[in-house]
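Q: Quick one: the structure is below, and I'll ask about it shortly.
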Amino acid sequence: MEHSSPLAAMQPPSVMLGHCFRSDAPTSYHGFSPLPGLGPGGFNFKDLSMKRSNGDYFGTKVVRGSSPTASLAADLSQNFHIDQSPQVATPRRSLFSACLLGNGNRRGVDDAMTTPPLPSSSPAPAMDIMDMSPLPHKPPFISTPEIELDSPTLESSPMDTTMMSTDGLVPDSPTVLPKDGKQERRRPTFLRPSLARSKAQSFQVGMTRPAPESQGPPFKFQTNGINKTSSGVAASLEDMFGESPQRERPMMRINSTSGLNSRLRPPLGSGSHVRGNGSPSAASVRKSAHPNMRPRKQCRRSLSMYEHPEDVIADSEVSYTSNAPLQSISDFEETQALQLPHFIPEEQADNLPRIDKATLVDIKEGKYDNMFDNIMIIDCRFEYEYDGGHIVGAVNYNDKENLAAELFADPKPRTAIVFHCEYSVHRAPLMAKYIRHRDRAYNVDHYPQLSYPDMYILEGGYSGFFAEHRSLCYPQNYVEMSAKEHEFACERGLGKVKQRSKLSRAQTFAFGQQSPEMEDSPTGRCRNNPGDRKLLASPFNDSPGSRFPGRRMLSY
């Protein structure tokens, strides 16, 4: 076998030497002596192959979308069986036909076998082993009528033809293919787009369709010495491929990415999704991610107030005239600027403005008379302190209720009020805060308007002013609050201050003994007795059905 060529191995046994495999061959040819079991009835290939027909290579059904890897896998899956002979002759097996004859006289064959002369064509019509070889060779001489076969391309295969015929397909493609030399037919197409997408997907995996210009000439067969192509005529590319049919598309949205609903069947005659309609771009079918997935909605929902980008640009060019922003409470309070030079100490939590002694001297000298119509100096000390010595022109008020009744009985605009006590630490700030609280309640319907916006506290009190400006005091004396001779009056006065200022240990909220200024919010409506409102000339007049009943005394 090693001294022979592959062509000698592919030759039929009957073509070699006439006495090679005969039963009556002479014994002198020990290399070609008859093999045991190869008599007329000793070798039955059909029984060995489980009585299955021995098909040729080109008659084998090719797997749809076949490739070299798929062909090899098909051959292996069909021939590897237990206790069975090979079913289908493969190209590689046809090269070694001598393997079927056994290895009994292998040495004699190697010694005596030589390459016989190659005939131009085989006279035996039944010897078709050459047809099973993939090597280029001359077709066998067979006396059959003229037959025209289609070129074996990737578009069509026996498997595809079977599937197309079983699915009830209708012809759609305008491609013309000759049948019996005269009759024309159309290639069938799929009705269901799901099958078309599956076929297109299997075709696209691992291979691409070559361009029509790069394809070789059609496969040729020889009949009676005359070469004919599969089309029967020398057709050009324009004749072989026709234009894809134009189908009417429904009006879709501008932002639509698909012109056809995937859940609806395409109309009959629409073959744009079938790869066998003759169009070079028929195989380029876009497959969805999942066949059973619901299609994405093409409409886009948005919460934007603009439908087009041009609207945003147009609105940016338009100038809007909006109202002035509302000022906050602090802005309104700052608009009523204080007219006297003042300062607010950081260690004090009341945020009430303070003036120094020099400013008070300027007020006494009349430097600010053009700013105010009236300037009041309120002395918050007890009566014995005031009588012992006070600033000239100061008025004594140690009761907050009496001072509020006096001020809001007839409010006077352009009035400045200066509070002071002995040191201006406790009694004067309490008096000033209460007056501001009543002022807010009085002007609750005109917030943030105030009847007395200019309220100040003299820094250092009477003790500091008397030390520097004794001449502006009358009598020019200074009586302290803790004087021994006024000890009883001091205790009585301090009791009133503590009772009205904060809760004491024995007087709790349960008995309603709190100070009136602790009841209300600085910016809320005053909830004092109706008689007090009437006394202060408040807009909340008393009525028979007053909504301010008497306060209930609760105890727990």
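Along the chain as shown, residues are numbered 1 onward.
From the backbone N, Cα and C atoms, a Cβ is placed for every residue, glycine too.
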Q: Can you say which of 33-54, 165-186 is given as region 'Disordered' in Swiss-Prot?
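A: The listed stretch tagged region 'Disordered' in Swiss-Prot is 165-186.
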Q: Let me know how many other Cβ atoms fall within 10 Å of the Cβ of CYS421 (active site).
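A: Other Cβ atoms found within 10 Å: 25.
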Q: Three states by DSSP: which one describes CYS421 (active site)?
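A: In the DSSP reduction, CYS421 (active site) maps to coil.
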Q: What is the pLDDT of the domain 'Rhodanese' (371-474) when averaged and given as a whole number?
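A: That region's mean pLDDT is 94.
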